[in-house]
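Listed in TrEMBL for this protein:
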- GLY107, ALA108, HIS109, GLY110, LYS111, THR112, THR113: ATP binding site (BINDING)
- 2-99: domain 'Mur ligase N-terminal catalytic' (DOMAIN)
- 105-280: domain 'Mur ligase central' (DOMAIN)
- 305-430: domain 'Mur ligase C-terminal' (DOMAIN)
Amino acid sequence: MTYHLIGAGGAGMSVVGQLLVQAGHRVSGSDRSDSANLQRLKESGADVFVGHDAKQVPADAIVVVSTAINPDNPELVVARERGQEIIHRSQALAIAAQDKDFVAVAGAHGKTTTSGMLAVAFGELGRDPSRAIGGNLAGGASGAHLGTGSIFVAEADESDGSFLNYTPRVAIVTNVEPDHLDHYGSEEAFHDAFTEFARRIEFGGLLICCADSPGALELAKRSRAAGIRTWTYGRGDGLEYHAKITDQEDGPNITFRGKPIELRLSVPGEHNLLNATGALLGGIELGEDAHDMAQALRAFRGTGRRFEQRGEKAGRRVIDDYAHHPTEVRATLQTARAETERAVRVLFQPHLYSRTEMFAQEFADALALADSVVVTNVYPAREVPADGRESDAITELLPGAELVADKVAAAHRIAQLSEPGDIVLTMGAGDVTEMADVVLEQL
C-alpha cells in the first residue's frame, strides 16, 4: 500500500509514518517546515517534503491527516477532488495495531512516560512489543517500533477525540482532568468521551485507572457499573484500590492483592511512581509476573522532553520538560525541588491561547513553586489570539514573574538569573525546547 501523510512532522504523525514504513508500505509525507520529527521519518525510508504542494500527493495513496490540518490545505484538496481515501492518524495507527494485544494509554498527562515504561519493560522481558510513543526513549531509540511480539503499546490522544478510534485489550487512564475544551465545548462532553473510550475496550479486556485522580476514579466507578472489568491504583485508602502505593524505609512498595511488590525506578518523581504502578498492572494483565515486571521497569530511563537532562555548565543543570498543563508543571517543579537544595529557575512557554486563559490561575499557582519564573509568549499551535489570552494572563497573577515576549531573550534572562548549583528548566509543549541549548550557551 501507499500512504501520504500531511503534517508528517508532528510527533504522532511521524511515529505513524515510521510504523507504516517498517510494515513494508511505501510512505511519503510533508509539513510546512523542517523538523527533527520530519527528518526521523525520512531516515526511516519515507519520502518527505518541506512545504505543501498538490503535486506531492501520489494518486494511488491513502492520505493520512491529523486534526491540525486545515481543510484548504492544497494536498488535502487534491486528494478530495480525486476521491482518494482519507483517514485520520489514529485510524492509521489502529490499522498498524491490528491482530495485536493493544494497550492504549490515555490521560491529560503521563501518557508518553507510561507508554515508554510499558514498552521498555516488555522489551526487557523478551516480548519485543510494538510501540507508538510521541517521544524518543532515553538513549535516542525511536518512539516507533514494529516488534515481532504480540503486544502493541500506544498513546491514546484525547485532545481531539481520536482515541475513540481504538479498541484496546488494556486501557490505562493516568488521570482525567478537563482540557482541550476548545474541541469538546464543555467539561461534561470531555468526561463523556472518556466514558466512551472505556466502553470501547474489547470484551473481556481491562480498564486501569489512577484513582488518585478524582476524574479517573469517577470513570472507574462508572465503568464498573457498566460491567467493564476495572482495576485502580494509587495512594488512597479506599477499598476500590487494587494496587496501593506505600512508603517503606528502603523505598516505595506496591501492595497488589494483599502481597507487597518492591518497585524501584531509575527516574525521579512521585508522578513517575504513579505512572510505573499503572504500567505494572498492565504487565500483570498481559501475563507477566508482578515481581519480574517491577524489576523490568527499572530499565526505563525516561523519554525525550520528560525531565530530560540537556546539559550542565558553570555549575547549573539545564533540564527540558514537556509540561504544558498546570498539574504537569507542578509535578515537574516538585521533582526539580527534590533534586537540588539550591534554586529552581523556570523559562515557561504556555501552549495554546485557550488553555492559557482557562488555567491562568492554576498555572500561576504551580509556577510559584519555582524561585524565578520567566514566561515567554504563547506557542499558538493551531490557534489564533482571539481564541484566548497571551502569557500576561499568567504573569499578572504571579508576583515576581517576568514576561519576556521573545523566547531567545527569555532564555538569556533565565540564564542571567541563575547561580551555581541551580536547576534551570525550559518548560512547555512548543518550541521552547530549542531554548535549552540557548541557555547553555549563555552560561
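The backbone N, Cα and C atoms fix where each Cβ goes, glycine too.
Model, not experiment: these values are computed from the prediction.
Taking DSSP states H, G and I as helix and E and B as strand, the domain 'Mur ligase C-terminal' (305-430) has 46 helix, 30 strand, 50 coil.
Between the listed binding-site residues, namely THR112, THR113, the fewest other CB atoms within 10 angstroms of a CB are found at THR112. Sequence-distant contacts of GLY107 (ATP binding site), defined as residues of its own chain at least six apart whose C-beta falls under 8 angstroms from its C-beta, comprise THR114, GLU158, ILE172, VAL173, THR174, ASN175, VAL176, CYS210, SER213, ALA216.
Apart from the site residues GLY107, ALA108, HIS109, GLY110, LYS111, THR112, THR113, the chain places the Cβ of VAL105, THR114, GLU155, THR174, ASN175, ASN275, GLU328 no farther than 8 Å from the centroid of the site's Cβ atoms, the recorded ATP location. Its own atom aside, the Cβ of LYS111 (ATP binding site) has 26 Cβ atoms within 10 angstroms in the protein chains shown.
Note on GLY110 (ATP binding site): other Cβ atoms within 10 Å of its Cβ, all shown chains, come to 27.
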